[in-house]
Amino acid sequence: MITKAIYPGTFDPITNGHLDLVTRASAMFSHVILAIADSSSKKPMFTLDERVALAKKVTALLKNVEVLGFSELMAEFAKKHNANILVRGLRSVSDFEYEWQLANMNRHLMPKLESVFLMPSEKWSFISSSLVKEVARHGGDITPFLPKPVTKALLAKLA
């Protein structure tokens with residue numbers, strides 16, 4: 001049986017924490033779509049095309065991972081791609097409350113859409129794209145938190 005999962009997010013930019021989760025999801029499911037949200041309301045630093053390109057570069061060795069951008073409701077995107085599993089990361093209790101609401105809304109919109117929650121590896125549990133960008137803006141060392149191509153792209157954006 002082929003199990004197709006979607007790991008959605010803004011990924012602005014993709015971090016080692018995201019990469020950890022997509023790698024683990026790729027071992028659990030036959031096919032994983034890393035779905036990058038347009039999220040123009042969040043005012044991302046990187047364009048959707050840039051985020052897709054960076055994600056493709058850092059997931060290239062994961063043969064069952066496909067990277068796609070999207071702007072529609074997640075339930076609609078899942079239907080269009082015949083996926084019925086959403087993979088989400090939970091770093092904290094506050095993440096759980098938000099994810100619980102999203103999971104229930106998605107299930108309301110698409111009853112067969114299940115959410116699977118993965119805990120990040122401990123060393124990535126405090127990392128977020130927003131935090132990494134803030135550290136970079138203030139000249140801090142971001143190399144431990146991002147794949148090399150992403151570090152290079154982020155530093156170029158800030159130059």
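Backbone N, Cα and C define each Cβ position, glycine as well.
So that you can see what the record holds, here are the features copied from Swiss-Prot:
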- Thr10, Lys42, Met74, Arg88: substrate binding site (BINDING)
- Thr10, Phe11, His18, Gly89, Leu90, Arg91, Glu99, Trp124, Ser125, Phe126, Ile127, Ser128, Ser129, Ser130: ATP binding site (BINDING)
- His18: site 'Transition state stabilizer' (SITE)
Inter-residue C-alpha distance, Ser129 (ATP binding site) and Met74 (substrate binding site) (nearest angstrom): 21
Tertiary neighbours of Leu90 (ATP binding site) (same chain, Cβ under 8 Å, six or more apart): Phe96, Glu99, Phe117, Leu118, Met119, Pro120
Euclidean distance between Cα atoms of Met74 (substrate binding site) and Ser125 (ATP binding site), Å: 25
Separation of alpha carbons, Arg88 (substrate binding site) and His18 (ATP binding site) (Å): 10
Sparsest-packed among the binding-site residues, when each Cβ's other Cβ atoms within 10 Å are tallied, from His18, Lys42, Arg88: Lys42
Met74 (substrate binding site) to Ile127 (ATP binding site) - Cα separation in whole Å: 24
Distance from Lys42 (substrate binding site) back to Ile127 (ATP binding site), taken between C-alpha atoms, in Å: 18
ATP binding residues Thr10, Phe11, His18, Gly89, Leu90, Arg91, Glu99, Trp124, Ser125, Phe126, Ile127, Ser128, Ser129, Ser130: largest Cα-Cα distance, in Å and rounded to whole number: 18
Which same-chain residues, if any, lie at least 6 apart from Thr10 (substrate binding site) yet have Cβ under 8 Å of it: Ile36, Ala37, Ser39, Lys42, Pro44, Arg51, Ser129
